[in-house]
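Here is what TrEMBL records for this protein:
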ACT_SITE  CYS2  active site, nucleophile
ACT_SITE  LYS610  active site, for Fru-6P isomerization activity
DOMAIN    2-230  domain 'Glutamine amidotransferase type-2'
DOMAIN    295-433  domain 'SIS'
DOMAIN    466-605  domain 'SIS'
Amino acid sequence: MCGIIARVGRDDAVETLLTGLENLEYRGYDSAGIAIKNGTGLKVRKCSGEVDALKTGLDESPTGSGTIGIGHTRWSTHGPPTDENAHPHTDTTGEIAVVHNGIIENYATLKTDLEARGHEFESETDTEVIPHLIDEYRQQTADIETAFRKAIADLEGSYAVAAIVDSDESGTGTSPDDEEAIYAARQGSPLVLGLGSEEWFLASDIPAFLEETNDVIYLEDGDVVVLEPEGYRITDLEGNAVTREMDTVDWDPEDAGKGEYDHYMRKEIHSQPTSLANTIEGRVTDGEIELAEFPAGTFADVDDVQFVACGTSYHAAMYGEWLLREADVRTAVHRASEYESSAGPIDERTLVVAVTQSGETADTLAAVRSANARGARTVAVTNVVGSTAARETDDALYIRAGPEIGVAATKTFSSQSVTLALLTQRIAADIPDAQPIDDLDAMLEALSDLPKQVETVVETSRAADLAERYLESRAFFFIGRGLGHAVALEGALKFKEITYEHAEGFTAGELKHGPLALVTEATPVFSVFTGGGDEAVQTNATEAQSRGAPIVTVAPEDHPAVESGDAHLSIPDTHPVWAGLLANVQLQLLSYHAANELGRPIDKPRNLAKSVTVE
Ligand code: F6R
């Protein structure tokens, strides 16, 4: 939630900052702003609304060029999305500008104290205390870097902060203490350093600067960074030098843009053949699962496995749980936000698998920390290398889906589910009394066809016609059993998230225990057939149909349920473990087209953000 970017270079920073903010908008889009430092002082432009609104404002009132700047795109926590609450925030002198992602828990105390010392505040945000604190310490030390460190040391909570300071009172840009630097710090919120050629970046996530460089350093909690035109310095809060390894990410700069598509979501749905191929590559050889991270025997001492996740990742985790249960392993899936009360007894023989695309979801991280504290072994299944989840667990298994920008998770659900399917079989093979799935060979053989089959679904889908046909409906229901239940829940989540229409997912057998009362001819029921429990799903669909509901079967062409349904979304024949993923692609397209027909802002649904870093 909230995206920050900072850049020091030799040419103008404005365009780079704006492009970076556009690539970060998935983190929040309530308001946006930049601050640029040039020979005539610090120029701040900010407004409520999306980055487009900021650009329009800049056309009318440009900042002028400057080689050093910071930017922010916001998902509101403290104070509504107004111009005043937009970042960057400045101190009373207007010489210090700050962008921040996270929450300053002690801001009220700090603010009261600063107000008593004559600082005037303009916003309702927690962030605004930071520039005032830097200013307060600047008056005491006359050294900006020291002032920044002291200000950071006063903060409690989570933050990724970047600040620029213009103390050149002459306005000529030549004052000796008018340092050309950006000061930044990280504690509990993501911050990545990008190393370009003669330019340096800091950002909440790599897509912000992917068009400029693939060379990154993942900063860690407690790191303080100073970016200057000549280079960068990383230290701890006391100023001791810290060494961090550089990594080169293999993401394509095109991953950060929309390419030929109108929306990131559509692009990401269509890119699933490629992202899935990346997920699988090198992990199945000669019919054997090979996870380099987890050689055979790694899980021999595991008694039970808990999955923790939120939202779409929870639905992928249901996949993992289902597969482990089939393998006779004691397992449970937990909503991360409820983990504290639902976890039950755990010990060092418990494996806790945190499933999180971003690796930054606060609820999931809280569950990981709780599991770590209670002695469990922890694994993160995540998309983001160097993310907090990857660093705070014992091991990380990457889903390799590439950056996902659309707020609605699509390609990462597919890659998470496949990764978890492989991981669960590795676990089952290691645990003495467990049994990997009966027809593992057939499952793995079918997996190699999955990317191609997803391509077939994407190319031949009739989801657009169905979206149009049922657009006037009152509600949209999704049912399935077993793995199909996870898909039904995911189909409904996607639908409600981007269309704003009422959608619910049920295990098919539950319809008759209550929800059937809602069923009318205005409530299409999308029935997912995965090849497991299909007859029962068909019975439940027929119960809804006999009460007037149109039934849309999501099943192979020759499936017996297709004939009695009212409409059909076709999936290629495959192994039952993968059928749900193909059905899910159809449902992703259904949501996309329905939202498009309704004119919704598909990539930025209201009230949401992709990376939810608050509990
Ligand atoms: C829905 C969606 C969210 C996320 C959830 C967890 O399309 O994207 O439900 O799945 O916020 O996020 P991660 O996976 O980053 O932990």
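Any Cβ shown, glycine's included, is placed from N, Cα and C.
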Can you check what DSSP calls CYS2 (active site, nucleophile), collapsed to helix, strand or coil?
coil
Greatest C-beta neighbour count within 10 angstroms, which of the active-site residues CYS2, LYS610:
CYS2
Per-residue pLDDT averaged over the domain 'SIS' (295-433), given as an integer:
95
Is it possible to list how many residues within the domain 'SIS' (295-433) are helical, extended or coil according to DSSP?
60 helix, 29 strand, 50 coil
Integer Cα-Cα distance in angstrom, the residue listed as 'active site, for Fru-6P isomerization activity' to CYS2 (active site, nucleophile):
10
For a three-state summary based on DSSP, what are the helix, strand and coil counts in the domain 'SIS' (466-605)?
70 helix, 23 strand, 47 coil
